[in-house]
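What TrEMBL annotates here:
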type: DOMAIN; residues: 114-247; note: domain 'N-acetyltransferase'
């Protein structure tokens with residue numbers, strides 16, 4: 001099941017372009033987010049020399065002006081690719097936790113002042129950009145990434161009176177909803193708004209057939225880890241990126 005969740009996450013947060021190379025999935029999105037600009041070696045491949053494959057990947061990413069980044073999960077093929085990348089000078093970055101929760105006993109949200117749209121829209125993008133300090137180009141890429149997927153999506157904004165205080169998205173595939181871009185207005189943190197936002201997303205997901213939820217969170221993000229633990233999410237596996245800067 002864990003590998004299926006990894007596949008769900010690839011589908012929910014796609015790339016602008018995908019390139020399959022001998023069992024490795026190469027993703028490109030003009031450099032915005034490691035998720036969408038990394039190599040995912042998770043499928044069976046031929047006996048082609050791994051060092052040669054890595055070199056070819058480096059050539060491909062360099063040709064489009066991007067750093068070379070590998071996503072290292074428990075499902076990588078070959079299994080020793082992390083040590084190979086380490087010897088080639090790749091740094092470890094963004095150790096992350098994948099967590100899940102059963103929605104059967106999830107509590108109801110208390111607040112009602114929430115806006116939800118099923119399509120990506122400029123208002124939500126503008127709020128996300130403000131909270132996350134996204135550049136115009138990265139905001140446009142985010143909009144494109146969410147637009148290319150056929151999966152059922154919900155884009156949520158929580159308000160305090162008329163002030164947007166938290167926003168986030170839920171993406172449903174099969175019976176799972178993934179949480180993405182969960183962020184609280186910096187002026188309104190530590191007031192429970194992030195929790196309320198997530199409860200609204202999970203309630204919507206249950207109505208739309210989801211019975212489980214997953215998320216991915218960087219392990220250095222202590223406030224987010226505390227929030228998710230309080231909701232009942234539990235870690236099922238970890239991953240990290242191996243990163244080599246463009247020379």
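Glycine too: its Cβ is placed from the backbone N, Cα and C atoms.
Assigned with DSSP, the residues of the domain 'N-acetyltransferase' (114-247) fall into helix, strand and coil as follows: 51 helix, 51 strand, 32 coil. Taken together, the residues of the domain 'N-acetyltransferase' (114-247) have an average pLDDT of 94.
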